[in-house]
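Q: The feature ubiquitin cross-link is assigned by Swiss-Prot to K6, K11, K27, K29, K33, K48, K63, K107, K113, with similarity to another entry given as support. For 1-76, the entry in Swiss-Prot reads domain 'Ubiquitin-like'. Here Swiss-Prot flags S122 as phosphoserine, drawing on a large-scale study or a structure entry. The feature zinc finger is assigned by Swiss-Prot to 121-144.
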Amino acid sequence: MQIFVKTLTGKTITLEVESSDTIDNVKSKIQDKEGIPPDQQRLIFAGKQLEDGRTLSDYNIQKESTLHLVLRLRGGGKKRKKKVYTTPKKIKHKHKKVKLAVLSYYKVDAEGKVTKLRRECSNPTCGAGVFLANHKDRLYCGKCHSVYKVNA
């Protein structure tokens with residue numbers, strides 16, 4: 001029977017084979033016509049690579065079927081090294097929710113009078129709601145950078 005082999009250049013060659021012929025036998029016939037050694041040949045039929053020991057009938061290759069010839073690529077890709085991190089990743093800060101935390105900013109005396117424990121900045125550029133930071137010997141405004149001494 002006659003089969004066609006489409007080569008690397010796009011040229012189609014015809015081979016006279018039998019259905020009992022092995023793929024090795026077909027590759028040697030291609031070598032006789034094209035000069036490509038069998039160990040560099042890969043034959044593809046219906047999207048599958050043909051293995052050397054099998055016959056044409058194993059792959060259901062019939063008369064006037066077309067095989068595709070491609071070259072075998074030697075070697076593989078270079079193995080990449082895995083990244084090794086020297087420092088451990090920083091753990092994200094978890095917000096601790098404290099129930100009724102706002103009560104720590106106010107004081108209620110025996111008569112029921114509510115007073116603020118934190119002082120507001122008296123500078124007119126800051127406005128209401130800007131509190132002073134308590135330090136050991138002073139009060140500090142983070143907005144206008146004013147410092148107030150505390151008499152202790």
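Cβ coordinates come from backbone N, Cα and C, glycine included.
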Q: Measuring Cα to Cα, tell me the gap between K107 (ubiquitin cross-link) and K113 (ubiquitin cross-link) in whole angstrom.
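A: A Cα-Cα distance of 8 Å.
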Q: So what sits near K6 (ubiquitin cross-link) in its own chain, CB-to-CB under 8 Å and at least six residues off in sequence?
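A: The answer is T12, T66, L67, H68, L69.
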Q: Helix, strand or coil: which one is S122 (phosphoserine) in, per DSSP?
A: coil
Q: For K63 (ubiquitin cross-link), what residues in its own chain, 6 or more apart in sequence, show a Cβ-Cβ distance under 8 Å?
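A: The answer is M1, Q2, I3.
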Q: Under the DSSP assignment, what numbers of helix, strand and coil residues are found in the domain 'Ubiquitin-like' (1-76)?
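A: Secondary-structure composition of the domain 'Ubiquitin-like' (1-76): 18 helix, 25 strand, 33 coil.
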Q: Given the recorded positions K11, K33, K48, K113, S122, find the one whose Cα is closest in space to the Cα of K27 (ubiquitin cross-link).
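A: It is K33, whose Cα lies nearest.
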Q: Counting distance between Cα atoms, which of the recorded positions K11, K29, K33, K48, S122 is nearest K113 (ubiquitin cross-link)?
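A: Looking at Cα distances from K113 (ubiquitin cross-link), the smallest one goes to S122.
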Q: Spatially, and counting Cα to Cα, which of the recorded sites is closest to the residue listed as 'phosphoserine'? Options: K11, K29, K33.
A: K11
Q: Are there any residues at least 6 positions away along the chain from K29 (ubiquitin cross-link) with a Cβ closer than 8 Å to its Cβ? List them or say none.
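A: Long-range Cβ contacts: L15, V17.
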Q: Could you give the Cα-Cα distance between K33 (ubiquitin cross-link) and K48 (ubiquitin cross-link), in whole Å?
A: 23
Q: What whole-number Å value do you get for the CA-CA distance of K11 (ubiquitin cross-link) and K48 (ubiquitin cross-link)?
A: 20
